[in-house]
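Following: one structure in structure tokens, then a few remarks.
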Amino acid sequence: MVVALLSITTHLYVANAADPPLLQDFCVGTNDPNASGFHIRGDTNTTLGAEATLVDVNRFPALNTLGVALARIDFGPFGLNTPHLHPRGSEIFAVLEGTLYAGIVTSNYTLYDAVLRKGDMIVFPQGLIHFQLNLGKSKAFAVASFGSQNPGRVNIADGVFGTRPRILDDVLTKGFQVDETVIERLRAQFLSKNLSTNTGRSIIKLLAQEDYLADDTY
């Protein structure tokens with residue numbers, strides 16, 4: 001048994017996964033500490049009633065090479081920070097004012113949820129869908145930090161119904177098991193008002209645009 005183990009370990013390879021080493025102590029991106037806009041309260045007079053202000057390297061260059069980012073999330077009464085994910089960083093979220101309902105959806109579609117009060121914290125792992133809902137009649141406020149200078153954000157609904165160009169009607173009707181009328185009604189909630197809602201794309205239209213003939217010879 002010992003010989004077998006030694007034989008196996010002699011063929012193992014070691015790999016390290018980490019951020020690259022810093023090339024400098026820090027990057028001076030601006031002399032104005034308010035340039036990020038973090039001090040400005042988000043607009044909660046919207047359909048969702050909440051706004052997240054992400055301060056990443058694109059908004060605050062001083063974060064360059066440091067591997068961190070910050071966000072403030074302002075909630076109006078019963079406001080929702082819509083289901084979303086961060087593809088490039090995990091998040092730690094802390095409630096400073098109010099009471100929030102928060103949830104995470106894992107890769108096996110299990111929901112973990114909790115009610116968070118002032119001073120409570122929760123972690124949202126990188127790439128997992130999560131959300132927060134204000135349970136109160138008054139405003140709520142939270143801050144979040146990320147283990148990436150550019151964590152990114154993908155809103156689930158916008159990522160399906162608000163893309164440009166649009167996802168093929170055939171994909172969405174089959175994927176959600178509904179007809180095109182329902183898809184168009186959902187699209188109307190997330191597409192720009194300047195874009196007509198009756199210009200859906202289908203396989204037939206796509207093939208016609210590309211001058212292909214649909215057949216069964218593939």
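Quick reminder: no glycine exception, Cβ is built from N, Cα and C everywhere.
Owing to the predicted nature of the structure, the values given are computational and were not obtained by experimental measurement.
Residues or ranges marked as signal peptide by TrEMBL: 1-17.
Helix first, then strand, then coil: DSSP counts for the domain 'Cupin type-1' (38-184) stand at 22 helix, 57 strand, 68 coil. Sequence annotations record features per position, and here TrEMBL assigns domain 'Cupin type-1' to 38-184.
Counting every protein chain shown, the Cβ of Asn81 (oxalate binding site) has 26 other Cβ atoms within 10 Å. What TrEMBL lists as oxalate binding site is Asn81, His86, Glu91.
For His84, His86, Glu91, His130, the entry in TrEMBL reads Mn(2+) binding site. Around His130 (Mn(2+) binding site), the same-chain residues at least 6 positions away in sequence with a Cβ under 8 Å from its Cβ are Pro83, His84, Leu85, Glu91, Ala102, Gly103, Ile104, Val105, Phe124.
The sparsest Cβ neighbourhood within 10 Å, among the listed binding-site residues (His84, His86), is found at His84. Its Cβ taken as reference, Glu91 (oxalate binding site) is surrounded by 21 other Cβ atoms within 10 Å in the chains shown. Take the mean position of the Cβ atoms of His84, His86, Glu91, His130, the recorded Mn(2+) site; other residues of that chain with a Cβ within 8 Å of it are Leu85, Phe124, Leu128, Ile129, Pro151, Arg153.
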